[in-house]
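A.B. asks: Okay, handing you the structure first.
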Amino acid sequence: MAGFVPLLLLLLPAGPTWGSKEKCLTKMYTTSGECCKACNLGEGVVQPCGVNQTVCEPCLDSVTYSDTVSATEPCKPCTQCVGLHSMSAPCVESDDAVCRCAYGYFQDELSGSCKECSICEVGFGLMFPCRDSQDTVCEECPEGTFSDEANFVDPCLPCTICEENEVMVKECTATSDAECRDLHPRWTTHTPSLAGSDSPEPITRDPFNTEGMATTLADIVTTVMGSSQPVVSRGTADNLIPVYCSILAAVVVGLVAYIAFKRWNSCKQNKQGANNRPVNQTPSPEGEKLHSDSGISVDSQSLHDQQPPNQSTQGPAPKGDGSLYASLPPSKQEEVEKLLSSSAEETWRQLAGELGYKEDLIDCFTREESPARALLADWSAKETATLDALLVALRKIQRGDIAESLYSESTATSPV
């Protein structure tokens, strides 16, 4: 028995046993009898096994991939999505890129190419969308739905249902929606059930006569005799809000235009008053005639010649005689205007304030070529435009020199 065991060992074959071969998944062996190693997912074979063991290397992201465990397969190149194909999943080490047809196209299973999605015509709506390898599936719009556009994305839409305060002017069809409009000028209210009545009956009421009146009521309340609960029927007054806003805007614009027109008209009248007055009028060579309140005309040049040579032009402060400023000769009025305008400070503005003018009207004079002339032209048209008033105003603004110039040559009395 002891000699039988060595004999049995000699009869066993050399190399790997049958049990070890059954455990070799690749079913490939090296020359030395070793089971060949397989490359995992994301790896490719660089050198297959033979004398040596299998050599693997990782695949390059977005360039190559390997989606199998193999002892012979190298990394495979990634698929490129071109033309009408777009990439839905990128290429990684263990998976290839996934391409699909672009929006509006589907992939034909027979040819593998992308074809344009079918369109549901008017009156037909989408049942199943167009995507991947499936074309658009359309259905005819059933009753109560419609489709008024031809496309491959919209299903049949439900028809519009008119409200209680609306009336249908066009019925809904498979190709067009229903059309409704408000009940006008009548509306219908329903009375609640009263004792002894079978069912409420609609009561049609005429609207109140609102000619010449603007109403802001949004609800119309009707009460029923024998019932303390009012029945409220919504009207169409909510739609009047844009109308009210438009009216308010028109009123504001009109008010602004009216104010602008009044200011423009005031400035225009002042300008016309200044232009109507003669500017360059000089006395005639024969002498200038002055008219006093007594109606006697005196030659001012002759009176000047008759004055004694030693009489001084300076004297007591001049006093007004109650005559109007408009009675002054044009040359004297022009002299006053020049004195008011030649001052370094705006003397004419101070004078205007003393004569009772407000700032807005004074600003109108500044737009004229000669503000002082426009001021005096406007003031001289008033009944209170006397020399006395002008003298008082000039003294208040410390311009007695202009007051003296008014009477230097303008007043003269004739001997009686």
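Cβ from N, Cα, C; glycine included.
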A.B. asks: For Cys99, what is the disulfide-bonded cysteine listed in Swiss-Prot, choosing from Cys81, Cys91, Cys114?
C.D. replies: Cys81
A.B. asks: Can you tell which of Cys24, Cys39, Cys49 is bonded to Cys36 by a disulfide, based on Swiss-Prot?
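C.D. replies: As annotated by Swiss-Prot, the paired cysteine is Cys49.
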A.B. asks: Between Cys56, Cys59, Cys91, which residue forms the disulfide that Swiss-Prot gives for Cys75?
C.D. replies: Cys59
A.B. asks: Nearest to Cys39 (disulfide bond) by Cα, among Cys24, Cys75, Cys114, Cys117, Cys120 (disulfide-bonded residues)?
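C.D. replies: When the Cα distances are compared, Cys75 comes out closest.
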A.B. asks: Which one, from the disulfide-bonded residues Cys39, Cys99, Cys141, has the smallest tally of other C-beta atoms lying within 10 Å of its C-beta?
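C.D. replies: Among the disulfide-bonded residues Cys39, Cys99, Cys141, the sparsest Cβ neighbourhood within 10 Å belongs to Cys99.
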A.B. asks: Among all the protein chains here, how many other CB atoms are within 10 A of the CB of Cys120 (disulfide bond)?
C.D. replies: 25
A.B. asks: According to DSSP, folded down to helix, strand and coil, what is Cys24 (disulfide bond)?
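C.D. replies: For Cys24 (disulfide bond) - judged by DSSP and reduced to three states - the answer is coil.
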A.B. asks: Among the disulfide-bonded residues listed here (Cys36, Cys162), identify the one with the smallest other-Cβ count within 10 Å.
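C.D. replies: Fewest other Cβ atoms within 10 Å, among the disulfide-bonded residues Cys36, Cys162, is found for Cys162.
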